[in-house]
């Protein structure tokens, strides 16, 4: 698709939180993502929608799927994509986020994709750089593009997630993926269940509008989809579970456990995946149940949609 052919009314310059989106915004993203998903399965994957724009990937935390997905998304849309190596930057020498932001903004990129360990870092950059900012994960706060690709993946199977019963199991406490998914699924009208040991649930979880379980077999009953989350040991300062073996015994997903779920239950994982801890390897690789690789494929398409829509707004501003 060329720039001249693209026209969608998406009223956002940034994507910082799923709370900024309404059902119409989400539908627009999903429509564009479906287009890109189909195009990405053909030999001719590229367009010039973002030609002349620069996307800066600024990842202060390690990433494989998300950074690679954003890089591929930008390049397939014709953008110039720059991956900023934070480990070799002045930020690693003690430079403040504010100074890093001003320095990068002076280079005149158009869209900044940011992952940072500090909650609110993408919002800070949006407020202080004048650039369009996409949140690729900030601390334990949010990961909006992951939530969008997760619901998009499910919508490809069901048409809509509204009214579906979806379980998230694992380390809810430290998970920005869980927080963004809960926010988005609530907007879309899904029934959300959470399952974890008490030590891996936030103290205010009773205010999240979800049904909370500590027994996985009870939580799985009648579920249409279940998402396993890894233990985020890099954010843990103590022992939250006795051992990985005990965690798998109580909360690990297996084929046997899924027998109480919906007959067509789908299994998800945002990655990185610890086989034999939160999910059995046979279940993770089961093409009848697992949509984990579909999530990865959807990630490129959804991020293409987001960059495309934000890029269109940047061009509108420039021509106004």
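Every residue gets a Cβ built from N, Cα and C, even glycine.
Residues 65, 66, 143, 146, 271, 272 are given by Swiss-Prot as carbamoyl phosphate binders; from 32, 102, 115, 245, that same site also lists 115. Geometry remark: residue 146 (carbamoyl phosphate binding site) versus residue 176 (L-aspartate binding site), CA distance 9 Å. Other C-beta atoms found within 10 angstroms of the C-beta of residue 115 (carbamoyl phosphate binding site) number 25, with every protein chain shown included. Here the C-alpha separation of residue 271 (carbamoyl phosphate binding site) and residue 176 (L-aspartate binding site) works out to 13 Å. Non-local contacts of residue 176 (L-aspartate binding site) by the CB criterion (under 8 A, 6+ apart in sequence, same chain) comprise 137, 138, 139, 140, 141, 142, 143.
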